Structures are given as structure tokens and as C-alpha cells.
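Undergrad: Sharing the features that TrEMBL gives for it:
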TRANSMEM  12-32  transmembrane segment
TRANSMEM  44-65  transmembrane segment
TRANSMEM  86-108  transmembrane segment
TRANSMEM  120-141  transmembrane segment
TRANSMEM  183-204  transmembrane segment
TRANSMEM  225-245  transmembrane segment
TRANSMEM  265-290  transmembrane segment
TRANSMEM  345-368  transmembrane segment
TRANSMEM  380-398  transmembrane segment
TRANSMEM  404-422  transmembrane segment
TRANSMEM  434-455  transmembrane segment
TRANSMEM  482-504  transmembrane segment
């Protein structure tokens, strides 16, 4: 199968699951925002941040991280006995170290809670102890199947996770109370069910691996996996610190209830900004195992061609939602989460910008990992981590959640610049016509802003829609919510349409772009006549 077809096939499956996942995540966060207090939400995500940091030591890099690298690498060399051995080592290491981390958290839950002056969080820490083991098996399944380019099953697992997360959270909230503990139980069990289904497909894929004659020696393989794993732990620790320091320091610098509310608002705003990456996540998921196999085969020409295409798609696909976030931050938060979350508007804007910036470095990061040049990645993330922690200590006490978001923007920008400067090693080059989607985005943003001002978007949301639903019962509140989201969706549709028109006008699409899109449409069983029509429009001379 050609690289383009593989990219199209994998992207199509992940895109379908991503749309499902983002929709369910959207519902999940709305349920939390509408039924659980900001304090309880903040408590859960604060504990999850601490647990996330501890989870770095739950496999010492020998579990899911090793699988991501070595499964596609040895598969590319057709050494399938090594693929099987990598899986066995990863399962054993992940299980042992996950259990150790769980025991540690149970024993020291009280000490952790008291350190942050939040003794009421001790039971929540103990509940989350089981998360280590469950998370380990979940990511083992996902990364193994992803390494085998079985994106269909990866999409199934991720969709199952979100479905169970919504269903189980609702059950626990309504039957056991609208509290952080209920969120935690629903969260952990959703990973458990997803891992169960995932391992069913892992075992099937394991049985189907071709039989080869090479001897997969344990010690030589371990000598490769351990240095890689420990390096990944170091890199992961810095990445996790970048991702969780803000919430941890918010909990440290501000009083209990106040910090819980801040973390609740901050987390919801950050979560919504991730919608920008709906298409990017689909592209990146198949890009890493694909580029690893190409590196194993020393096919540098195909690597560069694929990378250029991926960069173009990352930028083209992420700009529309970025524009919406920049223009309608308050309306988005109040329409979806409620008026209590309006204070997070600046966080949503800043987070959207740094999420977009971070996407630009993804190809470089994946290629460095495929080349096993983690020494470069380690240095760059170290710079970002030091910057992040230092600036958080300065800006969070002064500007609370806005300071935390701004700090992440600065550290992300620095890391992205440094990753892009590795082009001599990675051969990552931006397409010469990359200015086209950027100009198209700027023009679309101007038109969207003028349209929103002309029709007075706030007036429509606040007065017209609110007056259309006069009742105060639960059904009326739900109807009002959907009407507001519907109006917001109209403006989003306008943004996408105007942006697409400019892309076509500027001839921003290349032949390989359209091939990938057409391949994805065929995977979705779209009739050929519609595919041909799209191809003619996008490649219009």
C-alpha cells in the first residue's frame, strides 16, 4: 500500500473516531459544568494533575512508550519475533511499576493532601490509585495497535472510552451524588472498559503476526529499550510538568475553595481549546508509525514528501476553529458551560493560540523519535520546562489563571521554535505556499468579525434566543442551550465556508492533498460522483 493511501486510510478512521470523541467530550464537559459545582470539578482535576505527574514512574518508559517506537520499527524490518518480545516486556514492566505507584499513592494520600492544605482530598487520591494500572493497559493496547497501523481498532477503543465516560459519569453523578468522587469513579471505569475491548483486538493482532525465524534475544533487546525508556521518562516528566504545573501551583498559591473554582474554570477553558486539533490528531496518529517504518527502511525521500504534506494539512485544518475561538470566546464558554465560566475567556483565547503553535512542531518531534534522537528532544523540552515553571512562579500569583495560560504560551512558543530549528537533522521543511492558508484565515477572520458585528451576535444570543424560550423548566433550559449552540454553529459554518472559498481561490490544495481527502471519503463510503466533484473543485485550475 502506498504512503498516501496508508495516510488516507489511517486518517479517515481516526478522523471518524475523533469527531465522535470530541462530540462525546463536549457532552461530558457540559454535563460536568451543568451538574457539578466548580469546586468539585476543580478538586477532581487538581488530583488528576498530581496523579498524572506520579504516573510518569508507572512504567519507566518500558511500556507504552517503548511499544510506540519499537513495534513499528521492527515491523518495518519484518522482525516479528522482536515485535512479540517487545509486547511481553512492556506488559510486564508496565504492570509491576503501575502497582508500585498505586501502593505509593494509597500510603501517601494523606501527606499529599496536607501538603497542599487540602486534607479533604485524601479519599479522592486513594480512589485514583487504581488509575495507574488501568491507564497502563489502556495505552499498551492503543499504542500497540497504532504501531501496527490498525487505526480502525484504535478509533474503536477511543470511542468506547468516551462513550463509557459519559454514560458511567452520568450514572455515578445521579446515583452517588454530584461530587468529585463520582467523576473519579466514572473516569477510571471508562478506561477499564476501553482497555478490556482494546486487549481483545491486541490479542487478535498478536496472533496474526507473521512467523519469522530470527531469535529475539531478551538482553540485547532490553539494552535498547531501557535507555530509550528512561529517556522517555525524562522527556515525559518534563512534558507532564509543563502540562500540570499550572494547576498544581494554582492549588498551592490560592486558598482551598478559591483555587478549586479557578482550576475548574481553567480546565474547562483549556479542554475546549483542544477542539482545534480534531483533524490534527487524526493526521498525527497515523503519521508517527508511518514515519518510523519509512525511517527503518531508510526511505528519506518518501519521509520528506509525507512530512511536507502533513505540515500543510495540519495548518489548513486547524485554522478555522482557531478563528472561532479568537472571535467568540465569551459566547462559547457561556453558551456551552454557563455564565459562571465567562471569566475563562482570556484563557480560551491564549490556549487556542498555543495549541495551534504547538501543532507546528509535531512533525519534527515525531521524526526525532523515529530517528531515536531523543537527546535533541530532551534538551528542547528541558528548556521549555524550566521556562514554564519559572514563569508560572512569577505570573500565577499575579494573574492567576490568565498568568498560567500566558506562561504556557511563552514556553510552547520557545519549544516550537527550537524544534523547527532542528530541520538540518529532521529535514522538515515548510511548503513554499504555506502562506496561502494563513492569508485565507486572516481574510476569513475579518469577514467573520464584521458579520458578527453587523448582526450583533451578542444581541441574538442574549435577547432573541432567550426571549424565544420563556419557560424556566428543565426542558426549556435544554432547548435554550441547543438554540444558542445552533446560532453559534451557524457562525462556525460561515467561517469554514469563507475559509474554504479562499483556499480554493488561492489554489492552496495540492494533488497529494486531494488524494488523501479522496481516500478518506472512499473509506467513508461516499459515492464516487461526489468524490470526483470535490476533486474537480479543489484542483480547479
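We count from 1, first residue shown onward.
Using the three backbone atoms N, Cα and C, a Cβ is placed for every residue, glycine included.
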Undergrad: The transmembrane segment (44-65) and the transmembrane segment (404-422): do they have three or more Cβ pairs under 8 Å, with pairs 6 or more apart in sequence?
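TA: Since fewer than 3 Cβ pairs under 8 Å link them, the transmembrane segment (404-422) and the transmembrane segment (44-65) do not come into contact.
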Undergrad: Where else in the chain does the transmembrane segment (482-504) make close Cβ contacts, counting only residues six or more beyond its ends and a cut-off under 8 Å?
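TA: Cβ under 8 Å, 6 or more out: 316, 319-321, 323-324, 328, 331-332, 335-336, 436-437, 439-441, 443-444, 447-448, 451-452, 457, 460-461, 465, 468-469, 537-538, 540.
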Undergrad: By a Cβ-Cβ criterion of under 8 Å, what residues six or more beyond either terminus of the transmembrane segment (434-455) are in contact with it?
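TA: Residues packing against the transmembrane segment (434-455) from afar: 311-312, 315-316, 319-320, 322-324, 326-328, 491, 494-495, 498-499, 502-503, 505-508.
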Undergrad: State the residues, same chain only, that lie 6 or more residues beyond the ends of the transmembrane segment (380-398) and have a CB under 8 A from a CB inside it; answer 'none' if no residue qualifies.
TA: 235, 238-239, 241-242, 245-246, 249-250, 253, 404, 406-408, 410-412, 414-415, 418-419, 422
